[in-house]
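Per TrEMBL, the feature domain 'Calcium uniporter protein C-terminal' maps to 60-262. Residues or ranges marked as transmembrane segment in TrEMBL: 177-196, 208-226.
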Amino acid sequence: WKGQEGTPYSTLVPSDVTINYRHGLPVITLMLPTRSERCRFTVKPMVTTVGAFLQEVQREDKGIERVEVFATDGSKVSDATLMEVLLMNDFKLVINNAAYTVLPPVKDKLSSEHATEMEDIKSLVHRLFVALHLEDHQLRKERELLQKVDHLKEELLPLEQMKARIMDSADVKTSRLLWVGLALMSTQGGALAWLTWWVYSWDIMEPVTYFITYGSAMAFYAYFVLTKQDYIYPDAKDRQFLHYFYQKSKTQHFNVERYNKLKEDLAEAEESLRRLRQPLHLRLPVQEINEKE
């Protein structure tokens, strides 16, 4: 068999280089040329590269001047290739002037019983890891939530002060409007009484009061058509309060959406902190905390 440059190599039998699997890892056994003894090399196929394996072979036997790996078609295998890829097919291992034919064995598939046992072991290891690192994780998470709460409160402080001023202004305007409505109704009642007993008779004023009542009913119906709500005094007061609040917020450049978002984030962070601190004191597993990404 010849390499890429046409140099002939003496081909040894496949048994001179053997590969067996122990504990899930491939063990490559080969004869060191100058030491005349067999040596085993355990590799991690998912991590070890071909170049790292060849360097390990050269370190084991200082008399090795040349060690390379070729595919069965004669093409050289790159040193950056993972051993996992190399062990999928047959290959040639060249040490000095000797070429070894290597036939990697096919790994038997794990039985369902063994696979279940492995899953149980993985689950046990995971639970042990959580038990050992749970408190540190909880304390670290608590510090993060505390910092988040403090940061949100700092952002909310000026907004809360501005909101309080706007709410006071809107409350004053709403109360003033209610008193104006009471004054108008009192004036209307007094005017109707004066017209009924001092200027005209009831026979003349009765149609007037009827149309005033009918007009009031039309006004209430128009309120329902526009707002899709019944004209209930507390609801009407709250609606007028919100109207004045948003009107004042616009003039004062108060961002209501940003304020609401910060309040929601603060409530969520405080709730997460409360749920986290409960198992901290009781030494129980942490409940799942939902976070927004």
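Any Cβ shown, glycine's included, is placed from N, Cα and C.
Can you walk me through where each of these features ends up in the structure?
Within its own chain, the transmembrane segment (177-196) is flanked in space by residues 202, 205, 208-209, 212, 237, 240, which lie at least six positions past its ends and keep a Cβ under 8 Å from the stretch.
Within its own chain, the transmembrane segment (208-226) is flanked in space by residues 188, 192, 195, 236, which lie at least six positions past its ends and keep a Cβ under 8 Å from the stretch.
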